[in-house]
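Asks: One structure, pasted below without further comment.
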Amino acid sequence: MWGALRSALRPCCRAAVPPQRAYHGDSVARLGTQPDSASSTYQENYEQMKALVSQLHERAQYVRLGGSEKARARHTSRGKLLPRDRIDNLIDPGSPFLEFSQFAGYQLYGDEEVPAGGIITGIGRVSGVECMIVANDATVKGGTYYPVTVKKHVRAQEIALQNRLPCIYLVDSGGANLPRQADTFPDRDHFGRIFYNQAIMSSKNITQIAVVMGSCTAGGAYVPAMADENIIVQKQGTIFLAGPPLVKAATGEEVSAEDLGGADLHCRKSGVTDHYALDDHHALHLTRKVVRSLNYQKKMDVTIEPSEEPLFPADELYGIVGANLKRSFDVREVIARIVDGSRFNEFKALYGDTLVTGFARIFGYPVGIIGNNGVLFSESAKKGAHFVQLCCQRNIPLLFLQNITGFMVGRDYEAEGIAKDGAKMVAAVACAKVPKITVIIGGSYGAGNYGMCGRAYSPRFLYMWPNARISVMGGEQAATVLATVARDQKAREGKQFSSAEEAALKEPIIKRFEEEGNPYYSSARLWDDGIIDPVDTRLVLGLSLSAALNAPIQRTDFGIFRM
């Protein structure tokens, strides 16, 4: 997919390696050192991360099954392909599928399992065009929409809108989950937003294609009705605002689902659908033909260079980072294992050194990287804001590698203006219109999450490693703060606050923060776009950058920076 090129630039070593003379002719230095794989720290990190990755793959495999074995058997007995098989038959042979939010709904509804939130979303290449694919999974609760299903569908549309990706909806759904209608129907970002988004995207020439491969009931009927072009499968796909039971209850009329809203009715009489498919395979073949007719040409605002593999194996990331967030690591070692040729043109290397900034390429795409090497000081924040401005001026996408405890606190730092300096970085990140991608490779705490482009700052994509943690602060810190408040309250009342009382107060707080900071807790609620194996980071970033560059890069306008 991407070409390869090796250069003869001499490596510029760091850290444990003696420094080399800098040559002005070398525009970009090589990063990375060979880790001591025999060290106890490396081996402990490796084993811990390997265990987390094994758990990730095991859970992902279970989610990929979809509904129960009985539900899957019933689905295929009707001549239907399973939703993941539909996607495999839709995308170009041998091309990757960048799936989002695999763990949506994970342990979210108690004993009620909703694998992948009952819907599969991701970017795949169809007839050479990168498309957003949204596929209902009818083996999971009949494909009905839980609150998390709606959220995941709407998030997929948001990604499509931001990156100007044609949308393909593989429809097979019973509509809203009625027992949970209060959390799926009335609010701004509930079920109706799906159709609103379709209308808005169509108005912006972002193609909407619907393939009706099963039930399409009630409000869900608007998915094909509002599509630019649609397809329906005979004796399988149905579209109606009210199904046979509701029609009978409302009017007394008895009618079959096929007669009420089948392929013959909608292709021959109502005109609701455009193409008549004989089965799933035929429908997907027709879909590929529709995409081929879009006359789509991708125009990118960046220069692309031939791709190079990093100089270091990706699995060394396991030994470098590990699961213990209290153990520090140099983010440059992470960068060296994901960027082309391990080349990194560092910016302001000697200033604000707890924030690493610089330019690199990933699969030939230019990227400005911002990575954490400790707490953010005023110098780090000002450096980060400056670098964001450079990337916006040059139309270079931004990659944030988050491992941040937050901004530095204390009287001296407040006096030096940490609040206004941190605000500069937060404002720059908020205003930046270049594509922003965030990977949480360690901790993501407090205002550091904001400065490093957390979810609230609209990164095009946000991924987490399985060792990551996200929270307003660490559990120990939160427990200590609340214990201090309780002790002060007792003191005002003239009472003692015993160590036993303090321990009893702190224990559940620490436990709760640990649970809520877990990446699966985050992913279940769509605070991210997926948990990824560190080894896959480079590929995921390459696919994400490629998708993001379907949209023209807009000019960035910054507001007031308090000096």
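One is the number of the first residue shown, and numbering goes on along the chain from there.
Cβ from N, Cα, C; glycine included.
Given the structure is predicted, the values throughout are model-derived calculations rather than measurements.
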Asks: According to Swiss-Prot, one residue among K424, K433 carries the annotation N6-succinyllysine; which one is it?
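Replies: The N6-succinyllysine feature in Swiss-Prot corresponds to K433.
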Asks: In Swiss-Prot, which of these is labelled N6-succinyllysine: K269, K382, K495?
Replies: K495
Asks: Of K70, K152, K383, which one does Swiss-Prot label N6-succinyllysine?
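Replies: Of K70, K152, K383, Swiss-Prot lists K70 as: N6-succinyllysine.
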Asks: Where does the N6-succinyllysine label fall among K141, K248, K490, going by Swiss-Prot?
Replies: K141
Asks: According to Swiss-Prot, which residue among K80, K511 is annotated as N6-acetyllysine?
Replies: K511
Asks: Whole-number Å only: compute the distance from the Cα of K141 (N6-succinyllysine) to the Cα of K495 (N6-succinyllysine).
Replies: 55
Asks: Grab the pLDDT values for the region 'Carboxyltransferase' (49-555) and give me their mean, rounded.
Replies: 96
Asks: Go through K70, K141, K433, K495, K511, our modified residues, and report the one whose Cβ sees the most other Cβ atoms within 10 Å.
Replies: K141
Asks: Between K70 (N6-acetyllysine) and K495 (N6-succinyllysine), how many Å separate their Cα atoms?
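Replies: K495 (N6-succinyllysine) has its Cα 61 Å from the Cα of K70 (N6-acetyllysine).
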Asks: Looking only at DSSP and grouping its letters into three states, which state does K433 (N6-succinyllysine) belong to?
Replies: coil
Asks: About how far apart, in whole Å, are the alpha carbons (Cα) of K495 (N6-succinyllysine) and K433 (N6-succinyllysine)?
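Replies: About 55 Å separates the two Cα atoms.
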